[in-house]
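Trainee: For His198, His309, the entry in Swiss-Prot reads substrate binding site, with the evidence type sequence analysis. Among the features that Swiss-Prot reports, divalent metal cation 1 binding site is placed at Asp218, Asp229, Glu429, with the record citing sequence analysis. What Swiss-Prot lists as divalent metal cation 2 binding site is Asp229, His301, Glu334, Glu429, and the listing cites sequence analysis. Residues or ranges marked as compositional bias 'Low complexity' by Swiss-Prot: 22-33, 47-58, 75-88. Residues annotated as compositional bias 'Acidic residues' in Swiss-Prot: 34-46. The compositional bias 'Basic residues' annotation in Swiss-Prot covers 59-74. Look at Swiss-Prot and you will find 1-90 tagged as region 'Disordered'.
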Amino acid sequence: MAAQASEKLEKLDLNGQNGESAAGPAKAGQADAGEVEDESDDDADDAGAAADGAANGAAKKKKKRKSKKKKKGGAKVQSSPPRVPVSSLFANGQYPEGEIVEYKNENSYRTTNEEKRYLDRMNNDFLQEYRQGAEVHRQVRQYAQKNIKPGQTLTEIAEGIEDSVRALTGHQGLEEGDNIKGGMGFPCGLSINHCAAHYTPNAGNKMVLQQGDVMKVDFGAHINGRIVDSAFTMSFDPVYDPLLEAVKDATNTGIRSLQEAGIDVRMSDIGAAIQETMESYEIELNGTTYPIKPIRNLNGHNIDQHVIHGGKSVPIVKGSDQTKMEEGEVFAIETFGSTGKGYVREDMETSHYALVANAPQVPLRLSSAKSLLNVINKNFGTLPWCRRYLDRLGQDKYLLGLNNLVQSGIVQDYPPLCDIKGSYTAQFEHTIVLRPTVKEVISRGDDY
């Protein structure tokens, strides 16, 4: 989820499953296929029948029964669409590591230092929660990348991703407090073309994904407030490939900057490296060549527990910020590229909101605002949410109360952020954990 570099946002301290299907045996529909049927009776001829016609008749062998053996079920696999909780797929509670990168230069001692290794072991629960969320993100986005097609509505796409995240985390978010334990870290953003961030459809939205669209897919999964924030861009026309490649390369450059310095790296150094990479690309559209520009007022950010924007920003252009990254911090390294001006403004209908952490006590006169604030506190806490989430909880006629909460400074609204119309924007993002001994790109996958 993007952090906007503006005075308004810098002061923020944000913190239905359809058709459940279980993973079955390797060969579905062959129940008891491994059972061994009883052997048929073996009749033996009466050995003395022809010789003496003995009264005892034929001697028969007794039946031999073999015990029934049932075929063991195969290992559980993810369903399609994803509905099997990852906790069922990793029953031992140990989830895959992200990309592990050793510290270099003045921090290289951390990899083997006994004190740092001890601190790393003490962080196991913290890391397993992050890795579980990252595995949820990987499995959901793998399905999304294969199945999102032009002609689908944005509502259909967003709800499909969100339902999958809830299923895989094991938190449907319909009971009070459940979404705070796990589930969506923030609403699924589906920002199209010149819109760079913070767009998700509200109820009744009929927008359809088109063949020529460039769509940013930005969503978060969390376990116990450990938010994994990762994003990618989809297009269906190879003409946009240079734009996507530029932004992906810029994001990886930002991550490499961490690999070289990591702990104690200055934010300004990361921004300069990202800008240099991004601006080395260009794209030709309809016979015109456009330089690819970093969107200078969008940033990466650090992540705290239940807080998506923790207070530190990671710029994507050169600047003078001397703030350093510190041991134990978690960062979302994200970059945005544009064929337009490289600057975004608030535009279009707002869908994203979040409770302002440590907001001052303000008397609310509207009963609808008081009631809505109670719902927000019990269901989302400081996690971001959107109007569709209120609809899902059965809330209605809440807009007046919601606007009152925004005007009172209790809730922050996040309007979509857009470059000039006619331009195209792209985004790639990963979550990084600065462990005492190594850096871990927690959300890294085979896709990006």
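Cβ coordinates are placed from backbone N, Cα and C, and glycine is handled just like the others.
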Trainee: Could you check which of the binding-site residues Asp218, Asp229, His301, Glu334, Glu429 is the closest Cα neighbour of His198 (substrate binding site)?
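Mentor: Closest candidate to His198 (substrate binding site), judged by Cα separation, is Asp218.
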Trainee: Please count the residues of the compositional bias 'Low complexity' (75-88) that DSSP assigns to helix (H, G, I), strand (E, B) and coil.
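Mentor: Split by secondary structure, the compositional bias 'Low complexity' (75-88) comes out as 3 helix, 0 strand, 11 coil.
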Trainee: Give the three-state DSSP assignment (helix, strand or coil) for His309 (substrate binding site).
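Mentor: For His309 (substrate binding site) - judged by DSSP and reduced to three states - the answer is coil.
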Trainee: For His309 (substrate binding site), just count the other CB atoms lying within 10 A of its CB, please.
Mentor: 28
Trainee: Out of Asp229, Glu334, Glu429, which of these binding-site residues shows the lowest number of other CB atoms within 10 Å of its CB?
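Mentor: Minimum Cβ neighbour count within 10 Å, taken over the binding-site residues Asp229, Glu334, Glu429, occurs at Glu429.
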Trainee: Any same-chain residues 6+ apart from Asp218 (divalent metal cation 1 binding site) with CB under 8 Å of its CB? Would you list them in sequence order, or say none?
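Mentor: Same-chain residues close to Asp218 (divalent metal cation 1 binding site) (Cβ under 8 Å, separated by 6 or more) are Met1, Ala2, Cys188, Gly189, Ser191, Ala197, Asp229, Ser230, Ala231, Gln427, Glu429.
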Trainee: Counting across all protein chains present, how many other Cβ atoms fall within 10 Å of the Cβ of His198 (substrate binding site)?
Mentor: 28
Trainee: Restricting to the chain of His301 (divalent metal cation 2 binding site) and a gap of 6 or more, list residues whose Cβ falls under 8 Å of its Cβ, or answer none.
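Mentor: Looking at Cβ-Cβ distances below 8 Å from His301 (divalent metal cation 2 binding site), excluding near sequence neighbours, one finds Ala3, Ile308, His309, Gly310, Lys312, Ser313, Val314, Phe331, Ala332.
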Trainee: So around the divalent metal cation 1 site, Asp218, Asp229, Glu429 aside, which residues have their CB within 8 A of the centroid of those CB atoms?
Mentor: Met1, Ala2, Gly189, Phe219, Gly220, Ser230, Ala231, Ala332, Glu334, Gln427, Thr431
Trainee: I want the residues beyond Asp229, His301, Glu334, Glu429 whose C-beta is within 8 angstroms of the mean position of the divalent metal cation 2 site's C-beta atoms, in chain order.
Mentor: Met1, Ala2, Ala3, Asp218, Ser230, Ala231, Gly300, Ile303, Phe331, Ala332, Ile333, His430, Thr431
